[in-house]
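S.K.: Heads up, here are the entries from TrEMBL:
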type	residues	note
BINDING	68-72, 136-142, ASP165, ALA267, GLY328, HIS380, ASP446	(6S)-NADPHX binding site
BINDING	ASN69, ASP132, SER168	K(+) binding site
BINDING	LYS417, GLY418, ALA419, GLY420, SER421, GLY445	AMP binding site
Amino acid sequence: MSKAPSSYFARESALYLAAQTRAIDASAIASGVSGFTLMSRAARVVYELVSESFEPNLPLFVVCGGGNNGGDGLLVAWLAKNRGREVQVCLSRSPEALTGDAARAYALCLEVGIEFVDLPDTPFDQDWLIVDALLGTGLNRDVQGDALRAIAWMNASAAPVVAVDVPSGLCSDTGRELGEAVKADITVTFIALKFGLFTGNGPDCAGFLHYSDLEVPDPVFAAHSPVAERLNLPALLANLAPRQANSHKGLYGHVLVVGGDYGFGGAVAMAAEAALSCGAGLVSVATRAEHVSAVLARTPEVMVHAVANRHELDNLLAGMSVVVIGPGLGQSPWSEQLLQVVLERDQPLVVDADALNILVTKQWLGRLAARTAPVVVTPHPGEAARMLGQTTAQVQSDRLAASRALQALIDGVVVLKGAGSLVSSHRGVGLSDFGNAGMASGGMGDVLSGVLGALLAQIPDAVFATELGVCLHGDAADLAAAKFGLRGLRATQLMPYLQERLGG
């Protein structure tokens with residue numbers, strides 16, 4: 001089964017950490033829904049999805065841990081056996097160690113004669129279906145021993161894998177693999193959506209994500225605030241003001257893209273073209289003289305200016321609605337001059353790429369926080385690490401914490417790029433699950449900078465403009481990949497899809 005985007009339901013915008021999910025679960029039980037009822041509902045959802053998604057005659061092999069996640073798996077096995085399906089269970093704990101609802105589920109399995117077996121020595125072929133109910137959301141350290149061996153065995157098997165709640169070995173808070181994590185074809189998650197399923201390695205481990213709230217009543221959720229919001233592109237587009245017939249280009253802003261040091265002229269060209277594709281009324285470029293003709297040849301609608309020093313750029317800045325600085329900027333003395341003069345003016349600003357690196361090396365990051373005009377920074381994990389004085393691995397190990405730290409550092413809007421891009425602001429954190437692995441190619445960040453510049457020029461609300469821009473960028477990449485494929489996807493192939501989405 002191929003990965004597909006999940007549908008949006010009422011509760012599919014709220015993302016929670018593991019501790020919050022456990023609190024919601026406890027609140028549901030306190031409201032009168034028993035733990036075993038929740039476990040039974042979870043098992044039913046898993047079994048029904050398995051029955052709908054795969055061949056009905058495939059035997060089930062259920063790998064169960066000793067906690068409630070394992071109890072879910074035991075009840076899946078019990079349902080399968082009751083419906084005449086061949087099923088085997090590998091239990092990682094001794095039956096005597098099971099307690100509570102998991103012990104009750106085990107007793108039901110014994111009553112119907114389910115076969116309990118050891119983990120096979122040889123991985124399965126495609127003639128089986130594996131259910132991963134080994135480890136749940138409570139995992140907080142690297143997997144070791146028998147659990148690690150079971151995860152490696154599941155990953156080595158050719159059989160499809162359905163993960164219960166979260167893929168075993170995945171940190172549901174951060175999306176980090178704790179040693180090794182199951183690479184599931186489908187993950188069925190319950191009650192609340194876990195933040196880690198949507199960022200870092202989470203999407204690769206989860207595969208197709210199916211969500212069920214297990215009929216937990218609304219008042220239970222009302223008492224628990226999510227840690228982040230899953231951004232909804234249709235809703236964002238619906239809030240975009242329509243264009244009036246009686247309008248002119250001056251109403252839609254003038255974006256200036258600054259960058260393109262020697263050898264990097266394509267970056268400013270792509271950023272400028274993206275800004276035009278997203279509706280900026282006017283777009284100008286300030287770059288090296290050597291790049292002027294190339295940018296004009298590609299996009300004649302752009303006004304291109306050769307700037308040799310800070311004074312020539314200063315003359316262009318007056319009257320600009322938004323300045324985008326960073327695409328192809330480099331880190332030369334010329335680059336530093338241009339960034340310095342931009343920082344001296346308090347205009348709405350998008351800062352990307354080498355502009356971020358210069359801010360770090362020159363110790364100018366504090367100047368962003370001192371601005372009154374909106375500022376949006378768009379670091380990838382490596383740039384974010386330099387801004388925070390961390391390693392890239394540290395940033396990726398907890399992307400939520402990193403994005404919050406960056407937001408506190410600049411007191412603006414932060415886009416932490418990567419799988420599950422995060423938009424952090426004074427309002428909280430939004431997550432975009434649009435986009436794909438084809439975006440791991442040169443120029444994608446330049447296009448995003450242009451998109452954000454154009455939307456900031458048209459929308460007074462910088463947070464809304466950024467959330468919309470990040471989702472648009474990822475969605476355009478998804479549409480382009482559907483036509484051209486992931487391998488070899490080029491940043492310029494996003495342009496028509498950006499315009500298509502905003503054209504209405």
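Cβ coordinates are placed from backbone N, Cα and C, and glycine is handled just like the others.
Could you tell me the structural context for the features on the list?
M.R.: Residue density at ASP165 ((6S)-NADPHX binding site): 25 other Cβ atoms are found within 10 A of its Cβ, drawing on all protein chains shown.
In sequence order, VAL63, GLY65, ASP132, LEU134, LEU135, LEU139, VAL143, ALA147, ALA150, ILE151, MET154, ALA181, VAL182 make up the list of same-chain residues 6 or more apart from SER168 (K(+) binding site) whose Cβ falls under 8 Å from its Cβ.
The Cβ neighbour count for LYS417 (AMP binding site), using a 10 Å radius over every protein chain in view, is 23.
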S.K.: So of all those binding-site residues, ASN69, GLY418, ALA419, SER421, which one's Cα sits nearest to HIS380 ((6S)-NADPHX binding site)?
M.R.: GLY418
S.K.: Once the chains shown are all counted, how many other Cβ atoms turn up within 10 Å of the Cβ of GLY420 (AMP binding site)?
M.R.: 27
S.K.: Fill in the CA-CA distance, ASN68 ((6S)-NADPHX binding site) to GLY420 (AMP binding site), as an integer in Å.
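M.R.: Taking the Cα atoms only, ASN68 ((6S)-NADPHX binding site) lies 28 Å from GLY420 (AMP binding site).
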S.K.: Just give me the nearest neighbour of LYS417 (AMP binding site) among the binding-site residues ASN69, GLY71, ASP165, Cα to Cα.
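M.R.: So, spelling it out, the nearest of the binding-site residues is ASP165.
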S.K.: Reported as an integer number of Å, what is the Cα distance between THR137 ((6S)-NADPHX binding site) and ASN69 (K(+) binding site)?
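M.R.: Spelling it out, the Cα of THR137 ((6S)-NADPHX binding site) and the Cα of ASN69 (K(+) binding site) are 9 Å apart.
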S.K.: What is the Cβ neighbour count of HIS380 ((6S)-NADPHX binding site) at a 10 Å cut-off, with all protein chains included?
M.R.: 19
